[in-house]
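Participant: If you look up TrEMBL, you'll see 7-28, 93-112, 119-136, 142-162, 196-212, 217-235, 261-278, 298-315, 321-338, 350-370 marked as transmembrane segment.
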Amino acid sequence: MKHTAKVLIGIIGLIVISVGVFLVMKLLNDLSGYSADDYLYHFFFTGEWPAKHLRGIHNGLDLIQSVQNHTRLFNGRFVAHTGVMTMMQFPKAVFNVANALVFVVVGWLMNVHVFGKQRIKVGFLALTFALMWFGLPDYGTTILWLSGGFNYLWMAMIYLLFLLPYRFNYQAHHPMLMAIGMSVLGFLAGATNENTAPLTLFIAFAFTLFDWQKSQLAWKWCGGLFGALGFYIMVKSGSQQIAVRGKQFEIGKLLQNAGHYSGWLLALAFGLLIYLYWQHHTYGHRLVWRQQRTFVAAWLYGVGAVLGIVALVVSPQILSRVFFGPNLYLIIAILLALKDHALLRQGTWLVRLLPISAALILGFLAIPGYQAAVRSNLQSYRTWATGDAICREDAKRGIAHAKVPGMQPVYTDRNQYVSSTYVSNGNPNKQWFNVWMARYYGVKSVAVDNTVVLRDVKLPTHTW
């Protein structure tokens, strides 16, 4: 009876945390508009500027051809941009719900990597979301921005799913079907993004080697080889952008940014792992894979994250958002280290209290940052929503030249407009974003007019 009550309380706790995180993330999504190349991806892709005879995406064949053009001409991340082009055919509200849900799903997947088929602990799930709030870089462009969300947050769902059967050496009941499924998933995971895909394939290969004697090698090799194929296509397709976007091998800049965006996660993860190594040595444990799987897995995720950061040395741009994948793996390494610590200290109150206590402390510290993010995004959203309403009204009334307010300065990276393009001053026909915004709403031009009064917006009901 006590066990049943304990399980029920745990399930309720997991539901409460998941729903709560969904709501707070949905609010931020509801207060985010479109920016940068979002409007571009509503249309059939022919180039960075609108074609003379611009057309939309009306069916699956149009979508495939548009993605092919985009991959060939501009960017190799065809998996992410398939999602972007698809979502830009729907109202923004659809993305807001889906994106908040994907954030929760990614948090759950990270915990499945830790616990497998075991019951997920409430404290660990709460700590996961707290670490995601503080540890994932540039929320505005990696999560809230539609194009960026697909390139980073949504891709995490794919590569975490791909890696999961390797993590636990899954024994498929139908190996042939598993091989087919992993070939598809591997191809998609390999084409997620340039530095996270290779670190994912590295970890998968390491798991394969460690489990070699008791593995179903066929599906593992299918997943790995098709992952390498997807990665090759992505990198080859995007290689023409290297000369355009910047220089490679900027080691000093890489070290500086790695310290800024991943430094504390690296210190925490490897600090815990070194401490656990000492503890295992004290207990006289043999640090072999079959006996200390959780501990060794934590090291693999940590080392993989470091390799993902090192891979950025060949990137022409070392932006904050490219640390998203490595930081995600560092968080998993931290969670695995805490689980391994729990296995060493079974039955003690410290084991039970440590994750939930850390989650509560981080959650309390997150409140001011979240409130600041809501205020900043609300102000930006009023600007975007005013422009959105004006453009729609002008298109209906036959007014050719829309005038919208410019975006006010943004000072938090939990707002996409801190670095993502919006309407610009100057000739509206020569401003890239202005031109695409005009095409999206069906007017001839969109220009900045800062005398336009911002309109009141309808807020979600859960704006606590």
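Cβ from N, Cα, C; glycine included.
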Participant: Same-chain Cβ contacts of the transmembrane segment (7-28) under 8 Å, 6 or more residues past its ends?
Facilitator: 96-97, 99-101, 103-104, 107-108, 119-122, 125-126, 129, 139, 143-144, 370, 373-374, 377, 414, 460, 462-463
Participant: Pairs of Cβ atoms less than 8 Å apart decide it: which stretch in 119-136, 261-278, 298-315, 321-338, 350-370 has the most with the transmembrane segment (142-162)?
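Facilitator: Out of the listed stretches, 321-338 contacts the transmembrane segment (142-162) most.
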Participant: Cβ under 8 Å to the transmembrane segment (350-370), counting only same-chain residues 6 or more beyond its ends: which ones?
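Facilitator: Contacts of the transmembrane segment (350-370) (Cβ under 8 Å, skipping residues fewer than 6 from its ends): 24, 121-124, 126-127, 129-131, 133-134, 338, 341-342, 414.
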Participant: Top stretch among 93-112, 119-136, 196-212, 298-315 for CB pairs under 8 A with the transmembrane segment (321-338)?
Facilitator: 298-315
Participant: Looking only at residues six or more beyond either end of the transmembrane segment (298-315), which have a C-beta under 8 A from one in the stretch?
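Facilitator: 113, 194-196, 198-200, 202-203, 206-207, 248-251, 254, 258, 262, 266, 269-270, 272-273, 276, 322-323, 325-327, 329-330, 332-333, 336-337, 340.
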